[in-house]
Amino acid sequence: MEKKYLLILLVITLVLLPVHFLQKIFTLHKQCTNCFFLQEKHMVKEKSFLTPGFNMDEFTAIQQTRVDVLTLTPWIAPIVWDGTFDPAVVHALHPPDNLSIILAVFVVGNYWSFLQPFLESAGKYFMPGYNVTFVVLTERVGENAPTVSLGGPGRTVKMMQAEKFDAWHENALRRMPRLLQMLEDNELHFKPDYFFTIDVDMLFKAEVGPEILSDLVTFLHPGYFGTSRSHFPYERRQASLAYLSQTQGTFYFGGAFYGGHPESVIAMLRQCWANLQDDASRGIIAVWNEESHLNHYFALKRPPTLVLSPEYCWASNWALPSQVHFARVFSVAKNNFRLHGKR
């Protein structure tokens, strides 16, 4: 008799768990009704699938509690917004003990002036309480990094060599191979649990914590927040390996902040760098440089397992729409002509 009851209990459990999982998925379609990210019908109808690297714990940690924004992608990756996660829950999911994180920034030419305020804000707000190595890639490697508080022990700055090129776009295009070299050659002499890179002309304004940790992470570009796919600035020239057609892609992702597990980041960098080189050999530079190749990769090769909302990279001189409660990271308004001779 007891075996019979145990068997019934097992059947009920197997039935209810998938139902709970499907309820979360169906939330996506409910949100799509009013969601400005998926205004076009063909986006809503895209086939959902579980991407490699999908993590059920991460999925359940991001709660679908907001109805004014999309909190799941069509491939069931969480989109992180204020109000969609409990900091205590994600902290417990990713305890800081023995967890190492790298945050890499390129600081070449006139961008040196951004380094001190960047480090001051990152030391205070980026992964507080976690072991973080802030890697500064610069041609001024012989100079001392600015002396700032990084928020406690286990948080250090590492200066590493990066070449400076005369053309500003060349400096942008050469970031990927330098990051790839650093990771593949183990230049830091340790393997981090997570690797991220971000532009140095950013300021952290609120805590960016373990809610961003996943296998492959990127963010929704704030400039195309609320626009349809037809307005995304994908590379439209078929000659480029960054090409996306009018029916490909779901979101437009920014190139200023991305990361994840080193193995997944390395695979992405290898593919994007190979495509960049192939384009360059034929005299082609994608419309938005490495960002175009990242969007191609995420659309056709490997979608991200976690997407950060525009809260994680908002322009400092833009007003906040009602959906963006606050900006955790600001991109700093700057004089592009002074920095690299371009308006």
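Placed from the backbone N, Cα and C atoms, the Cβ positions cover glycine too.
Taken straight from TrEMBL:
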BINDING   F106, V107, V108, Y111, D199, V200, D201  UDP-N-acetyl-alpha-D-galactosamine binding site
BINDING   D199, D201  Mn(2+) binding site
ACT_SITE  E291  active site, nucleophile
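Compared over the binding-site residues F106, Y111, the count of CB atoms lying within 10 A of a residue's CB peaks at F106. Counted within 10 Å of its Cβ, the other Cβ atoms near E291 (active site, nucleophile) come to 23, all protein chains included. Shown in sequence order, V105, F114, L115 are the same-chain residues outside F106, V107, V108, Y111, D199, V200, D201 whose Cβ sits within 8 Å of the Cβ centre of the UDP-N-acetyl-alpha-D-galactosamine site.
For E291 (active site, nucleophile), the nearest of the binding-site residues by C-alpha distance turns out to be D199; the candidates were F106, V107, Y111, D199, V200.
Listed binding-site residues: V107, V108; maximum Cβ neighbour count within 10 Å falls on V107. Within the set F106, V107, V108, Y111, D199, V200, D201 that the record links to UDP-N-acetyl-alpha-D-galactosamine, no two Cα atoms are more than 11 Å apart, and one pair reaches that distance.
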